[in-house]
Amino acid sequence: MKTAAYADYLIQWLENQRTELYGMDGYTLGVSGGIDSAVCAHLAARTGAPVQALILPAEVTSPSDVADAQATLESAGIDGQIISIAPWYDLIMQQLSPVLNSEPERVNVLKGNLMARLRMIALFTTAQSHRSIVLGTDNAAEWLTGYFTKFGDGAADVLPLAGLRKEQVFELGRYLGVPQSVLDKKPSAGLWAGQTDEAEMGVTYAEIDAYLRGETVSPQALQQIRFWHNRSHHKRMLPPKPKSPDEAEC
């Protein structure tokens, strides 16, 4: 990858999407303290358009993640707001508790997905208020495996990193000046305390990147990649719809 040239391409691509496709005034994104949102923040800052950045911690969010998110905004030259989603989360879980499945294996994923969807609500509400578009942070590895929450962090107006392997996101981050603390940390969606992407998926980003490069990976890695890809087709498509009565000849 010609890193500098691709960074320039993405910056211009973002501006083309914002002005020509959407006709909006700026960008809105959530900054988690991770590499993907850090790269998106730096790209958005370099467009010169207004950027609304939100840090949206939950009760399980570590203070170091918040500190890394703040460092990201400082390095990108962006102002941001810290708004806790914990009160919204607690209220919804309390109100829905009578109808939720209490089986332990469902609980962590359910809670994590709710946090992602609450962040989506915050981002799109802010974006609408400022006539801006929401930047998604999914990279090619996450898109392949469906490692994002449907209608949560998977909901966005544009996905500038969707063509980049995880290794390329890090390469772009180093070029753009993402803080070293962000570059050094293990990727995590922050869905629960101690959670990491690779432990949850059972496959490393290095293995997924190798697969995306067309290289041979271990049988175990291939099995996990196919497992996650096959069970997440619905995340990469619009909801299916039936034929109309005329089309169905009914």
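Just so you know, glycine gets a Cβ as well, placed from its N, Cα and C.
Copied over from Swiss-Prot, here are the features:
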type    : residues                                                                       : note
BINDING : GLY30, VAL31, SER32, GLY33, GLY34, ILE35, ASP36, SER37, THR137, LYS166, SER188 : ATP binding site
BINDING : ASP36, GLU142                                                                  : Mg(2+) binding site
BINDING : ARG117, LYS150, ASP157, HIS234, LYS235                                         : deamido-NAD(+) binding site
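Cα of GLU142 (Mg(2+) binding site) to Cα of ASP36 (ATP binding site): a distance of 11 Å.
It is GLY34, among the binding-site residues GLY30, GLY34, whose Cβ has the fewest other Cβ atoms within 10 Å in the structure shown. Cα distances from THR137 (ATP binding site) to the binding-site residues ARG117, LYS150, ASP157, HIS234 are smallest for ASP157.
Look at the Cβ of each of the binding-site residues LYS150, HIS234 and count the other Cβ atoms within 10 Å; the largest number goes with LYS150.
Within the set of binding-site residues (SER32, THR137, SER188), the lowest number of other Cβ atoms found within 10 Å of a Cβ is recorded at SER188. LYS150 (deamido-NAD(+) binding site) has none of the binding-site residues GLY30, SER32, GLY34, ASP36, SER188 nearby, counting only those with a Cα within 10 angstroms of its own Cα. Considering other CB atoms within 10 Å as the measure, the emptiest surroundings among the binding-site residues ASP36, GLU142, ASP157 are those of ASP157.
In this structure, LYS235 is the one among the binding-site residues ARG117, LYS235 with the smallest number of other Cβ atoms inside 10 Å of its Cβ. Geometry remark: LYS235 (deamido-NAD(+) binding site) versus ASP36 (ATP binding site), CA distance 19 Å. Whole-number maximum of the Cα to Cα distances across the deamido-NAD(+)-binding residues ARG117, LYS150, ASP157, HIS234, LYS235: 18 angstrom. Within 10 Å (C-alpha to C-alpha) of GLY30 (ATP binding site) lies none of the binding-site residues ARG117, ASP157, HIS234. Of all the binding-site residues in the list ARG117, ASP157, HIS234, the shortest Cα-Cα distance to SER188 (ATP binding site) is found for ARG117.
If you compare Cα positions, ARG117 (deamido-NAD(+) binding site) sits closest to SER32 out of the binding-site residues SER32, GLY34, ASP36.
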